[in-house]
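Structure record follows, encoded as structure tokens.
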Amino acid sequence: MAKDVEGPDGFQTRDYEDPPPTPFFDAEELTKWSLYRAVIAEFVATLLFLYVTVLTVIGYKIQSDTKAGGVDCGGVGILGIAWAFGGMIFILVYCTAGISGGHINPAVTFGLFLARKVSLIRAVLYMVAQCLGAICGVGFVKAFQSSHYVNYGGGANFLADGYNTGTGLAAEIIGTFVLVYTVFSATDPKRNARDSHVPVLAPLPIGFAVFMVHLATIPITGTGINPARSFGAAVIFNKSKPWDDHWIFWVGPFIGATIAAFYHQFVLRASGSKSLGSFRSAANV
């Protein structure tokens, strides 16, 4: 909540007060169409995200497979894959931010839930929609390119040879921390009020964070940082290796999101103590 005031540098700025935290459990939300519209938006966005990105991964493997007539440097490469993931997040967050918040990732939803930005009901429904959307998105890839999908790994996440479990888990924790920390920073209403004279396009830094994390972690885990993305690919590909390593792509992102949420709320923002107090008061009701 803010009102326009004159800043010391002559810019128009805003006098700001933190909005109240979202109720922990809001049963009334279930009666509102806006909730279901947002859930549908999350489902469709995650479906499109997985469809385009998994197609990109498989296309790169086809074009770089020398046994199938490809060339060593064929296809988009790791850089192109990173652009595909980051670019799709930029596009989809831009399209859905005004409807659902543009989460497209259970780890992002979980982090925002911990910070009291979304209710428990909304968080659970979002995560279910994201996982179902991911399954459908990868399912479309397999339906349209069945032989290539099976032969080239199905875009599934697993720990690469030469890396131990600790390295893979750390990559997922740190990568998700970067993403969720960026989400909090880009969408911080206090920042928007303070820097109201600076046009900010929140999806841009979020998409760029995804791009940068993919460059760093594709060689290690194929880059999860999104449990729905890893889950959808594992369900449709359904091989032992992705399932054996699958826990990494839930535990790592959720730990990373938790650290990012608490760092932003309790270290960077003075509102952290208020959020903790609201959690305690909600538990005593």
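Heads up, the Cβ atoms here are built off N, Cα and C, so glycines get one too.
Not measured: the values here are computed from a predicted model.
Residues annotated as compositional bias 'Basic and acidic residues' in Swiss-Prot: 1-17.
The region 'Disordered' annotation in Swiss-Prot covers 1-21.
Here Swiss-Prot flags MET1 as N-acetylmethionine, drawing on similarity to another entry.
According to Swiss-Prot, the transmembrane segment annotation covers 38-58 (among others).
Feature annotation from Swiss-Prot assigns topological domain 'Extracellular' to 59-81 (among others); the stated evidence is sequence analysis.
Sequence-remote contacts of a segment are chain residues at least 6 beyond its ends whose Cβ falls under 8 Å from one of its Cβ atoms, and for the transmembrane segment (82-102) they are 37-39, 41-42, 45, 48-49, 52-53, 56-57, 76, 112, 117-118, 126, 201-204, 206-212, 214-215, 218, 223. According to Swiss-Prot, the feature transmembrane segment maps to 82-102 (among others), an assignment based on sequence analysis.
According to Swiss-Prot, the transmembrane segment annotation covers 124-144 (among others).
The topological domain 'Extracellular' feature in Swiss-Prot is assigned to 145-165 (among others); the stated evidence is sequence analysis. For the topological domain 'Extracellular' (145-165), same-chain residues at least 6 beyond its ends with a Cβ under 8 Å from one of its own Cβ atoms are 50, 53-55, 57-58, 61-62, 65, 138, 219-224, 229-230, 233-234, 236-237, 239, 241-242, 244-246, 248-249.
Summarising the annotation, Swiss-Prot assigns transmembrane segment to 166-186 (among others) and lists sequence analysis as the type of evidence.
Annotation comment: Swiss-Prot describes 200-220 (among others) as transmembrane segment.
According to Swiss-Prot, the topological domain 'Extracellular' annotation covers 221-247 (among others), on the basis of sequence analysis. Across the topological domain 'Extracellular' (221-247), the model assigns an average pLDDT of 95.
The transmembrane segment annotation in Swiss-Prot covers 248-268 (among others). Listed as Cβ neighbours of the transmembrane segment (248-268) (distance under 8 Å, sequence separation of 6 or more from its ends, same chain) are residues 105-108, 110-112, 114-115, 157, 159, 165, 168-177, 179-181, 183-185, 188, 221, 224-227, 230-231, 275-276.
Distant neighbours of the transmembrane segment (200-220): 78-79, 81-83, 85-91, 93-94, 97, 102, 159-160, 163, 167-168, 171-172, 175, 178-179, 182-183, 185-187, 191-192; these residues of the same chain sit at least 6 beyond its ends, with a Cβ under 8 Å from one of its Cβ atoms.
Broken down with DSSP, the topological domain 'Extracellular' (145-165) shows 10 helix, 0 strand, 11 coil.
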